[in-house]
Amino acid sequence: MMHQNYNSSHVVGSFEIFNDANECIDFITNVTDQEVSLIICNSQSETFISIIEDIPQLHSIYIFDQHQPQSQAWSHGCKKLRGVFTQPDTVIHAVKQTISNQLNDLAPFSIVSNTSSSNLDELDQSFMYTQLLKETILDIEHDDNAKKAFIDFCLTRLVENDLRLEPLHQFEKNYDNHSPIWWYTKESFVYSILNKALRTQDTEMMIKMAFFLRDLHEEIKYKHSQTSHTTNLTVYRGQGMNIADIEKLRNNKGGLFSFNSFLSTSTDQLVSFMFADSARENPDLTGILFRMDIDPSISSTPYVSVNDIGQFNDEEEILFSMHTIFRIGEMTEIDDRLWKVNLTLTSDTDSQLKCLTDYTRHEMMSAPGWFRMGFLMHKMGKFEKALEIFTMLLQTKLDNDFDVDELLRTMINVRIGDMHATMGTYTNALDHFDEALKYFQIVFPSDNPVFSPIFSHIARVYASMHNYVISLSYYEKSIEIMEKSLPPTHPYLASNYNNIGVVYQSMDNYIMALSYFEKALEIMKKSLPPTHPELASSYNNIGLVHQSMGNYVMALSYYEKALEIMKKSLPPSHPNLASNYNNIGMIYQSMGNHAMALSYLEKALEIMEKSLPPTHPNLTVNYNNIAAVHRLMNNYVMALSYYKKALEIMEKSLSSTHPDLASNYNNIAAVHRLMDNYVIALSYYKKALEIIEKSLPSTHPDLASNYSNIASVHQLIGNSATALSYFEKALEIKKKSLPPTHPSLALNYNDIGTVHKSMGNYVIALLYYEKALAIQKQSLPSTHPDLASNYNNIGMIYQSMSNHVMALLYLEKALEITKSSLPSTHPDLALNYNNIAAAHQSMHNYVMALSYFEKALEIKKKSLSPTDPSLAVSYNNIGIIHKSMGNYTMALSYLKKALEIMEKTLPPNHPDLASNHNNTGMIYQSMGNYVMALSYLEKALEIWDKSLPSTHPNLALNYNNIAAVHQSMHNYVIALSYYEKALEIWRKTLPSNHPDLAITYNNIAIVHYTTGNYEMALSYLDKVLEIKKKSLPPEHPSLAMTYNNLADVRQSMDNYS
């Protein structure tokens, strides 16, 4: 580790000394966003280097030994070792050289193909950024406080920028004693942080350094003008580049190469060659020797020799101003991973460069310095910095002419309103828009085009606040003015059509939404370059509608078109890119590809965390989406953690009655519901309900959704009557607030149908499912997944009614849609196979049932982790089929597989474990091993007793099964007691004509019959018959069985009447 007796502090901003190897390793592995150089000062270097060499943060290693170095033959295999040194000066010099090379290699640049003049929006965004930044900074006047503001800002970033206090103080104290060139070429923090800021597009640092950039540019420009330039000049530059950038250079011969910083070169080719050659020490880089030819007669680009000004007179340095642009010429390979590239300085009349420059200037409009900087920050997605600049401007006198001053203030109010709208502070946004609108209403007639954009801004805010009717009214005002004052292909019209489409989409009116989005796209294709960011927004919008309509492949294609444009026209940290990644992530979620979904959502989150304030609403959207994917993957703990992150932001930034808070409580409740934490789930749903009842009208669809959520929990805990009442409340609201063919009504009819199914009201359930189907056929495309879901429900109802032919007909319809609309590994396809298998199982077609269960299992194995609980469900299903086929050993092996997964992923009292024990017990019963059967059934009972309410249907099922085992063991008294426990639950939770009641009455009747209690047996069979007559068609086989049982009892009673 670094020896403390040598002065190394002038080499780097910070250094650490360690005498303990483990502490050193911990330090290196904890470093983020930086690279570490390490000097080892002991003789045991071989072992230590073998341990640390592969740590990614470690860039280079130096061995220092004052004594005669040992044989270092082993060191040739160490790529990061830079040498063995016996003198402190030589090792310090080597470290300095490495750091210098690193900074040199990191100089930012852009490459623009020679076709970009015909397709301007395909520009490398860093080219545009640097061009705009340069022009903006050079246009801003700076006062004496700028230097102090820069120093104060650096003091807040000491660690982040690897800075030390002493050089900062020297810069502040002695800045005026030296020229800007002297400071730039001095081996200090100025060069490194300036280039880092340009490379990373750190706009905040660039604004603080603007005074220095201007001073440096002006000095280079002045000295260049004072020097005679009559002969051609050739300069050189050596640096390292990665393979991807080398390929880009090779593929763009004749294109433009821009150095997006101040450019250091040398007239000494050997000096530059040494830099290029040394780059090869890093195995990830290739050395590049640039040869740059300058013809001063055709170019006025400023450059200056710094031999008499800078710090390194021996390097024959020529310094060019920021954003110097060259033409790419020939490339020649000198050696392995070492190339020479010829560049030619562009002329003042270069047509492509002039076209690009004019285009970037047009993007910023003809605004003065700080205005332009605010626009630039907005364009780069730096909303807080843009807001800071515009707020500062609003507090200053903008023009001596009162009218001009007022107009400028109004423009700023519009900009600030736009910032607040983007940042989610909607009330502030409306306040600023209102200020602007008041001014316009005083100065302009009501049909003046100036009103159109302000109406659009206000409409957008109301849409964000879910006030869609008000939003549409403002958009319509805006459109009315635009259609009178603009040509039919004007981009502003397209923008407004897009916005109206978004509102209709929020109202679930997808047909109207799509029509407006397509109007917008048609105009944009005619009026904008093919990769303009507005086109990307349009493709995104169309993708969203197709996603809502279940056209996932189509949606993905539109999102990918949008992404292709955004990557070319926006910086990599722009929030719009994050939104696009988010959309693609959600499509993959809908398609069941959870791994891809998470990868895109995490890309979105990475951008958002860098570019948005920590309480921005878009972060909550992203956290919620990531949580939703984890929820689908059954990673409930992870899902809860992301939902709670979203909740933390909302609780800080929203009022306690904001509807988005209710939405988040609903999400958290949904996870607890899946974890069978029904009490907690209900508590969160009720929190959400309390907010919605306070903040939304009594007919708002969100209130209906909340009632449906509460109903779903009651349904799960066996409170069917309560569940039905909540679902009916939801339906009542939706009927008042939605058109009769709205897809949301279909979902509600489905929910009510499912409750009736659980209550044994199969005919009523079928009626509601068919109502849902009628709506879906009118409002959804024929391959929409929701249609498949409904066909599934109808199929399962027919199965419950023992109409297996009709059941299979509907289940196969569902399968056909699922196959055509979803990927072959989507979980919904597995669910469909499971349902078809269950139908065949009911028909005793066990071989067919097994084949479908195995298809479902195959899908799950491909799309889920090997310990996913859903796999356990499949193993259980296959086990039960083998039981029915009499393959008891095979059945037990599958149930054991299921149990192994459950024990790894579920808490010890989880109800699903009880289900597994229950199934295992029934297999042992079939094998005649009643003792083992009882032990498993009692394990199940123990879990269900702890985890379920006392009237839960699963408890009744378990009591029935225990009773059946005791019955097989001729323990009729005990059997009867368990059957009666089951009956007690069914009577409390089921309607009097439910088929499950009939089963229990039948079981009790059999026990009474077996024990000779024929009167009691007859009374229970009469109850069975009464229920079956009400709930089953007259030709149902189960009725015939009951008539047979009654006949047997009467025969035993010698009652043949």
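Including glycine, each Cβ sits where the backbone N, Cα and C put it.
Here's what TrEMBL has on this protein:
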type	residues	note
DOMAIN	184-335	domain 'ADP ribosyltransferase'
REPEAT	367-400	repeat 'TPR'
REPEAT	536-569	repeat 'TPR'
REPEAT	578-611	repeat 'TPR'
REPEAT	620-653	repeat 'TPR'
REPEAT	662-695	repeat 'TPR'
REPEAT	704-737	repeat 'TPR'
REPEAT	746-779	repeat 'TPR'
REPEAT	788-821	repeat 'TPR'
REPEAT	830-863	repeat 'TPR'
REPEAT	872-905	repeat 'TPR'
REPEAT	914-947	repeat 'TPR'
REPEAT	998-1031	repeat 'TPR'
Which of 620-653, 704-737, 830-863, 872-905, 914-947 contacts the repeat 'TPR' (746-779) most, counting Cβ pairs under 8 Å: 704-737
The repeat 'TPR' (914-947), counted residue by residue under DSSP: helix, strand, coil: 31 helix, 0 strand, 3 coil
Chain residues outside the repeat 'TPR' (830-863) and at least six past its termini with a C-beta under 8 angstroms from it: 592-594, 788, 792, 795-796, 799, 802, 804, 807-808, 811-812, 814-815, 818, 824, 870-871, 874-875, 877-878, 880-882, 884-885
Counts of helix, strand and coil residues, the repeat 'TPR' (578-611), according to DSSP: 31 helix, 0 strand, 3 coil
DSSP-assigned states of the repeat 'TPR' (536-569) in counts, ordered helix, strand, coil: 31 helix, 0 strand, 3 coil
Remote residues contacting the repeat 'TPR' (872-905) - C-beta distance under 8 A, at least 6 residues beyond either end: 634, 830, 834, 837-838, 841, 844, 846, 849-850, 853-854, 856-857, 860, 866, 912-913, 915-916, 919-920, 922-923, 926-927
For the repeat 'TPR' (746-779), the number of residues DSSP places in helix, strand and coil: 31 helix, 0 strand, 3 coil
Surrounding residues of the repeat 'TPR' (620-653) on its own chain - C-beta under 8 Å, 6+ positions past either end: 424, 578, 582, 585-586, 589, 594, 597-598, 601-602, 604-605, 608, 614, 660-661, 664-665, 667-668, 670-671, 674-675, 827, 864-865, 868-870, 905
Helix, strand and coil counts within the repeat 'TPR' (788-821) (DSSP): 31 helix, 0 strand, 3 coil
